[in-house]
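According to Swiss-Prot, the protein carries these features:
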| type | residues | note |
| --- | --- | --- |
| BINDING | 13-19, 41-43, R306, 332-334, 415-417 | GTP binding site |
| BINDING | D14, G41 | Mg(2+) binding site |
| BINDING | D14, E15, G16, K17, N39, A40, G41, H42, T130, R144, Q225, T240, R304 | IMP binding site |
| ACT_SITE | D14 | active site, proton acceptor |
| ACT_SITE | H42 | active site, proton donor |
| BINDING | A300, T301, T302, G303, R304, K305, R306 | substrate binding site |
Amino acid sequence: MGNNVVVLGTQWGDEGKGKIVDLLTEDAKYVVRYQGGHNAGHTLVIDGQKTVLHLIPSGILRNNVKCIIGNGVVLSPEALIKEMSGLEERGVPVRERLFISEACPLILPYHVALDQAREAARGKKAIGTTGRGIGPAYEDKVARRGLRVGDLFDMASFAEKLQEVMAFHNFQLEHFYKVEPVSYEAVLEQAKGYAELLTSMVIDVTNELDAARKRGDKIMFEGAQGTLLDIDHGTYPYVTSSNTTAGGVAAGSGFGPRHLGYILGIAKAYCTRVGAGPFPTELFDEVGDHLGTKGHEFGATTGRKRRCGWFDAVAMRRAIQINSVTGFCLTKLDVLDGLKEIKICTGYQMPDGSIAEVSPMAADAFENVTPIFETMPGWSETTFGAKTLAELPQTALDYIKRIEELTGVPVDIISTGPDRNETIIKVHPFSA
């Protein structure tokens, strides 16, 4: 039985993880975020009501679930408080359900200023970050100058550390990027305002999760972004600044890796990508427009239009290798309704004429790659809202089976709409 389940994206993010986490948390006691920051955008639709979460784990709407923000997450106090307020206005008792690791690095206003100044300076070579300070906060963590949630317990010491790090970053902002420096006094006053709230939510996350495991409590680890955006294994440099893969779970939460059970890979029935970077199966025709319009492909965090393309089994094989995926959840199957034919990328023809069955890693290696497609018949029937396999047309079942054959991994869950009830569960991860 998979008591400890990891839910992560196997593409370039935006795969529909939030809905699936919310659905599966009916059986969980804990939901843990282990990487990323408020650059994530997890959309939940419950009985028609839409909720978008950026930082708080997607289990927060369940009254039986403890939600934890692990040490691998870079935490923006401003974003957290805004998100908490929105939920509390709707009657969600966030403070009773949400807990934070004291080792979470803080995202502060100078990180945001740096992020935006750098993207502007890159011009046409911009990476396409969300501009929310995620990358600079991770840089400070690795450089060992970052401030953490635990530093807020001693504000005198915090003020000294803040002054030192801001002198360093303001020098860059003024003299290299030629923009206004960030006010030290303003940042310090801001920090004094939220220190009590954040420190009141701190727990020993490793100890809490280990005790939960020993009790047999079900724990879910919620990934943000997607495998192909991983800082180490993604299409570098067009990646995020954290480990979005299964390997990030242990490092970003302090939970022992040997105790992880089922790895659920979330994948759209087609592919999307936000921002710059390689995308071999990208469509520039009316089919791409159809996917974008019908799939409402606009980022939950940035509002940016997503690039759309066919399902890429080559990139998926790389994601499976990295994450040791147990089973897939295939989302947005209904977006393919009405297409006469559907294509799957089964290989890449490389510039030297060789055929790659697993995608390269660095972005440069994707240059002049030609996708090799297999064409399958589409279906005219609607799959929207289907709750059983019997409701799916045979051609849709054939498409799902072909994905299983090409990847070697079973599709255990199929999502046919945004609501948590619009789902077909063949194998439940907590029962696998």
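Quick reminder: no glycine exception, Cβ is built from N, Cα and C everywhere.
Feature map: annotations from Swiss-Prot on the structure.
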residue: G13; record: GTP binding site; Cβ neighbours (10 Å): 27
residue: D14; record: Mg(2+) binding site; Cβ neighbours (10 Å): 28
residue: G16; record: GTP binding site; Cβ neighbours (10 Å): 19
residue: K19; record: GTP binding site; Cβ neighbours (10 Å): 25
residue: H42; record: active site, proton donor; Cβ neighbours (10 Å): 25
residue: Q225; record: IMP binding site; Cβ neighbours (10 Å): 29
residue: R304; record: IMP binding site; Cβ neighbours (10 Å): 13
residue: K305; record: substrate binding site; Cβ neighbours (10 Å): 12
residue: L333; record: GTP binding site; Cβ neighbours (10 Å): 24
residue: T416; record: GTP binding site; Cβ neighbours (10 Å): 26
Lowest local Cβ density among G41, G303, which the record lists as binding-site residues, within 10 Å: G303
Residue from G13, D14, G16, H42 whose C-alpha is spatially nearest that of Q225 (IMP binding site), among the recorded positions: G13
Residue among binding-site residues G16, K19, T43, G303, T416 with Cα closest to the Cα of T130 (IMP binding site): G303
Cβ packing number for T130 (IMP binding site), 10 Å threshold: 22
Residue from D14, N39, H42, K305 whose C-alpha is spatially nearest that of L333 (GTP binding site), among the recorded positions: D14
Shortest C-alpha distance to T43 (GTP binding site) - which of the binding-site residues D14, G303, R304, K305, R306: D14
Residue from N39, G41, G303, R304 whose C-alpha is spatially nearest that of G16 (GTP binding site), among the binding-site residues: G41
Secondary structure of K19 (GTP binding site) (DSSP, helix/strand/coil): helix
Secondary structure of N39 (IMP binding site) (DSSP, helix/strand/coil): coil
Lowest local Cβ density (other Cβ within 10 Å) among binding-site residues: N39, T43: T43
Candidates D14, N39, G41, R304, K305 (binding-site residues) - the one closest to T416 (GTP binding site) by CA: D14
Pairwise Cα distance for G303 (substrate binding site)/K19 (GTP binding site) [Å, integer]: 18
Among D14, E15, G16, K17, N39, A40, G41, H42, T130, R144, Q225, T240, R304, the record's IMP binders - longest CA distance, Å: 34
Per DSSP, three-state class assigned to L333 (GTP binding site): helix
Nearest recorded site to K19 (GTP binding site) by CA-CA distance, among recorded positions N39, G41, H42: H42
